[in-house]
Amino acid sequence: MAASLLRLHFHDCFVNGCDGSVLLDDFPGFTGEKTALPNANSLRGFEVVDEMKAALERNCPGVVSCADILALAAQLSVEMRGGPRWSVEVGRRDALSASRITANNDIPPPTSNVSTLVSLFQKQGLSVQDMVILSGS
């Protein structure tokens, strides 16, 4: 699940920052990011985040955001698989909105060529090395 959680987190961060907006479900009058082209039938790990949130809510309700849970889950799962460690600052607030349009425009679709990938990652302030690491993970 480590790669899936990391991918879920980076897809979240590509749209309006790391705010948990990728976790929001569609409902009448609201379309989230889960069904955007780069995410649909592709992202995994939602149930893992849901289980973590439920456990935290039982013990400390209303304290830890889903956005922080996703960021920490990505970091810890990579570290537990022998990958690098990085610092994760906490204190994120969960998104109250999402943008399927931005997800479709800013997250690299599976059909992207190298120049499109480089461009979309650079738009996020990420290097080619970052792109290779995230894509390879």
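Quick reminder: no glycine exception, Cβ is built from N, Cα and C everywhere.
Unlike curated records, TrEMBL annotations are generated automatically.
So that you can see what the record holds, here are the features copied from TrEMBL:
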- ASP12, VAL15, GLY17, ASP19, SER21, GLU33: Ca(2+) binding site (BINDING)
- PRO108: substrate binding site (BINDING)
- CYS13-CYS18: disulfide bond (DISULFID)
- 1-137: domain 'Plant heme peroxidase family profile' (DOMAIN)
- ARG7: site 'Transition state stabilizer' (SITE)
Quiz prompt | Per-state residue totals over the domain 'Plant heme peroxidase family profile' (1-137) - DSSP helix, strand, coil | solution = 70 helix, 2 strand, 65 coil
Quiz item: Do you know offhand how many angstrom separate GLU33 (Ca(2+) binding site) and CYS18 (disulfide bond) by C-alpha?
Solution: 13
Quiz item: Counting all other Cβ atoms within 10 Å across every protein chain shown, which of the binding-site residues GLY17, PRO108 scores highest?
Solution: PRO108
Exercise. Give me the non-local Cβ neighbours of CYS18 (disulfide bond): same chain, 6+ apart in sequence, Cβ-Cβ under 8 Å, ordered along the sequence.
Key: HIS9, ASP12, ALA67, LEU70, ALA71, ARG92
Quiz item: Cα distance, PRO108 (substrate binding site) to CYS13 (disulfide bond), nearest Å?
Solution: 12
Quiz item: What number of additional C-beta atoms lies within 10 angstroms of the C-beta atom of ASP12 (Ca(2+) binding site)?
Solution: 28
Quiz item: Averaged over the whole of the domain 'Plant heme peroxidase family profile' (1-137), what is the pLDDT?
Solution: 94
Practice problem: Calculate the distance in Å between the alpha carbons (Cα) of GLY17 (Ca(2+) binding site) and ARG7 (site 'Transition state stabilizer'), and round it to a whole number. | Solution: 14
Quiz item: Cα distance, ARG7 (site 'Transition state stabilizer') to VAL15 (Ca(2+) binding site), nearest Å?
Solution: 13
Quiz prompt | Nearest of the binding-site residues (ASP19, SER21, PRO108) to ARG7 (site 'Transition state stabilizer'), judged by Cα-Cα distance | solution = PRO108
